[in-house]
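Notes for the one structure printed next.
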C-alpha cells in the first residue's frame, strides 16, 4: 500500500472524527432514517425512522442514550406513518421540522439551531386506539438510572415481586410504581431522568396542558426506571382516574431537553417562535384572549385556584394573596369558570373569551359556613390532608410496611389527633371508621353530618350509623373506571354527602357515629370498594 493511500486513509479518519465531534446543524438521510443534528455546543444528534416515526437513536455529547429494543414514540408506536423533514428559516433562528402523519394523528419534532432540545407537538382528530395519548422516551437505564423530582419511588428495576396488576412492585422491601412519579398539572415544572459522570439530565417540560384532560389537579405517570430502560413520559391524556372527556386538537408544544448544567426550569422556556413553523392547530397569542378578575371568599390558609374549561381547552391560575388573577392566554370560546379553595370547589360560573381582548370576570365562593359546628375533622380543601397515611400514599402502595396501621380506627373528638382518622376507608380493610364525641345537651333540632370525599373506587360511598340509627343509603357515585389510592391518586369528582340526622338521634353525653364503605361490589384488601375523605363535619 502506497504512502499516498495511507495518507488519504488517515486524512479520511481524521475528517470523520472531526465531523462527528463538531456540531453541524441540519439533517441527512441514513438508510431508513432521517438524522437530525441540533448544531448545539453539547452535540445532540438523533435519528427518526422514515416509516414509523420512532426515534431509534439519541446521541448526546457522543453518548448513545436511546434504548435499542424499542424506540421513543407516541403511545406504543405509530406503526406506520408518512414521515417528512424540512429546514425552516425563521425570523431569528433556523429550525429542522420532522412531521409524521397518520389518518388521525400528526406528530411534530422540531429542533432549533444550537439548542439541545427536541420540541414536540401532537395533533389528533381521534383518541389513539390504546385509549391514551402519551409520548414516551425509552432511554438506557445504565446511562440514566435516576429520576427527578421524586427519586426511587418509581424505580421498579430489581423488583422481587408484584403487589398489584402489572404496575406495582416490591423493590428492597418497598412498594414502587411508575404511578408514584406523578405531579399535579398545576405544579409541573420539569421532570427528568439523569446519570453519568457528567450528570446528564434529560427532562420533559410542558409549558401548558390546554388540550389535556382532568384540570389543574390531575396527575399522571412522569418517569420509571423499569430495568432495561428508563422511561420518561409526557402523558397528555389517559384513563388513569380521568374525570372528563379527552380533547382533540393540538397537544403541546412540549419539549425533551438535554442538559449537563443542571435541571432546566419551565420559566426559562421560550416558544414564542412556534407559530412560524406551520404546525396544524397552533393558535398564536394574537388570536387568544385573557380573563382578569378577583376571587373572593377563600379563607386564610387556603390557596385560591381559578380553572376554566370547555370541550376544546382547559386553563388555570393561582390567585394572588388579595384574590386577583390573570388567566393564561386562552383560545376564544365560552368556558365554565370554577373557583377552588385549594382543591375544593366553592363556585362555578361561565365566561366568554374573545380573540385579542381582555374580559373581566370576578368570582366569589358560594360555600356556606354560616352554621353552628358541633365538630369538624379535617378541612374542606379537596385533599385528605393530615389524615392517617395522607403523607405517604402518593409515593407508595397502601400495603407498604412504612404505612401506619389502617385500623379500623376510632377517632374521639377533643382528644384524638388528626392522624388518628384514616385518609380512606376500605370495605375489606378498615371498615368502619368510628367517631366518638360528647354533647353537653342533645340538640333540639335536626343536624347534618357532612362527609366530603375526594375519590370513590368501585362505587363506594359512606353509610352512616348514628347511635344505632342507620341513615338512608346514598346513591352510588358516578363511576370512574380506574384504580385510585393504590396508584397514589386521590382526585375524583369530589362528592359531598349531607346526611340529615333527625332530632332525637343525638343525645346528651357520649355519642357514636360509624362511617362504612357501602358498595354492591367487592374486592380483596386495598382493591375493595373504598373512598377518600376530605372532611367530616356535624352541624346545625
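Including glycine, each Cβ sits where the backbone N, Cα and C put it.
Small disclaimer: the values here were computed from a predicted structure and weren't measured.
What Swiss-Prot says about this protein:
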{"type": "DISULFID", "residues": "53-100", "note": "disulfide bond"}
{"type": "DISULFID", "residues": "192-203", "note": "disulfide bond"}
{"type": "CARBOHYD", "residues": "89", "note": "N-linked glycosylation site"}
{"type": "CARBOHYD", "residues": "368", "note": "N-linked glycosylation site"}
{"type": "SIGNAL", "residues": "1-23", "note": "signal peptide"}
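In this structure, the C-alpha atom of residue 100 (disulfide bond) lies 20 angstrom from that of residue 89 (N-linked glycosylation site). Applying an 8 A CB threshold to same-chain residues 6 or more apart, the list for residue 368 (N-linked glycosylation site) is empty. Among the disulfide-bonded residues 100, 203, the residue whose Cβ has the fewest other Cβ atoms within 10 Å is 203. In the three-state DSSP classification, residue 53 (disulfide bond) falls within coil. Separation of the C-alpha atoms of residue 192 (disulfide bond) and residue 89 (N-linked glycosylation site): 30 Å, rounded to the nearest whole number.
All protein chains shown were included, and the count of other CB atoms within 10 Å of the CB of residue 89 (N-linked glycosylation site) stands at 10. Across the fold, the C-alpha of residue 203 (disulfide bond) and the C-alpha of residue 89 (N-linked glycosylation site) stand 26 Å from each other. Neighbour counts of Cβ atoms within 10 Å were compared across the disulfide-bonded residues 53, 192; the minimum falls on 192. Residue 89 (N-linked glycosylation site) sits 23 Å from residue 53 (disulfide bond), taking the C-alpha atoms as the reference points.
Look at residue 368 (N-linked glycosylation site): DSSP puts it in coil.
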